[in-house]
Amino acid sequence: MIARIWSGESPLWRLLLPLSWLYGLVSGAIRLSYKLGFKRAWRAPVPVVVVGNLTAGGNGKTPVVIWLVEKLQQRGVRVGVVSRGYGGKAAAYPLLLTPETTTAEAGDEPVLIYQRTGAPVAVAPERAAAVKAILAAHNVQIIITDDGLQHYRLARDIEIVVIDGVRRFGNGWWLPAGPMRERASRLKTVDAAIVNGGVARAGEIPMQLAPGLAVNLRTGARCDVAQLSNIVAMAGIGHPPRFFATLEACGAHPQKCVPLADHQTLAPADVQALVGEGQTLVMTEKDAVKCRAFAEDNWWFLPVDARLSGEQPDKLLEHITSLVR
């Protein structure tokens, strides 16, 4: 229903317009207060790059963060990552991730980024506190903030927006009548717009999510996902249909697709109940970090990597590395 309202297919969005006007007024006032100097943002002693969204819902932001961290690491840059840690609840903040940190403490996306990149990761509702925690423990040269485009309390040097190339901005209205956190005109002020799927427009960087080999949660064995049989697909991400479509494109045709809420807590019994005898469970990598501790032999995940095309990605990386002292 939310998807139909935000796309404009359902006329119910009109009923929510008063709330959207209020949301837009408040969010605009917050940004203006920092722009005019009534409120002050904290500036880190190292460059800060924000990777965020203009819309609610999954746009492919986390794969972009991983891509950016890995590309900078390949260039010899020491990178730290901060996040709000949505979906997790730590005993105290800021929380600096370790190999023992769970998704219940830090949230699924920070744990995934930490495991994939090995970069220092810290979470805190106040992102400046997370940055300070990393700087106190690690000699990093740059900070990437996973989400937080609208978190103006943290000053930033580079802003990158990730856009769903198929859904783009829906009906264009602020939450809750539409998907917008800020209006599309905000694109004029960011340093780069990366478009996940669909057709990129002038000035935008095209991106595709490229699936790798399926990985067994228990053994680490790898195989082509099309070789798995009797698949039950599970996706607890911002836009589950994208994952199911990826499986189909890989030649894996699920018998059943189970969409879950983004950042949903997964109980062992609930996940086990999804799979019958002779079936294979295939999930996203983000779900896998939550399920690995209680995984069964027939559970697999399909990792995806961001692939950015054209000359713009290299120019963006050059611009970012030029800020590193």
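Using the three backbone atoms N, Cα and C, a Cβ is placed for every residue, glycine included.
Quick look at what Swiss-Prot annotates:
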- Thr55, Ala56, Gly57, Gly58, Asn59, Gly60, Lys61, Thr62: ATP binding site (BINDING)
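Long-range Cβ contacts of Asn59 (ATP binding site) within its own chain (separation 6+, distance under 8 Å): Asn53, Val162, Ile163, Asp164, Asn196, Gly238, His239. For Thr62 (ATP binding site), applying a Cβ distance below 8 Å and a minimum sequence separation of six or more within one chain yields Glu109, Leu112, Ile113, Asp146, Lys286. Around the Cβ of Thr55 (ATP binding site), a 10 Å sphere holds 24 further Cβ atoms from the protein chains shown. Long-range Cβ contacts of Gly57 (ATP binding site) within its own chain (separation 6+, distance under 8 Å): Asp164, Arg167, Pro179, Gly238, His239, Asp262. Each residue in Asn53, Val162, Asp164, Gly238, His239 lies on the same chain as Thr55, Ala56, Gly57, Gly58, Asn59, Gly60, Lys61, Thr62 and has a C-beta within 8 Å of the C-beta centroid of that ATP site, without being one of the site residues. Under the DSSP three-state reduction, Lys61 (ATP binding site) is assigned to helix.
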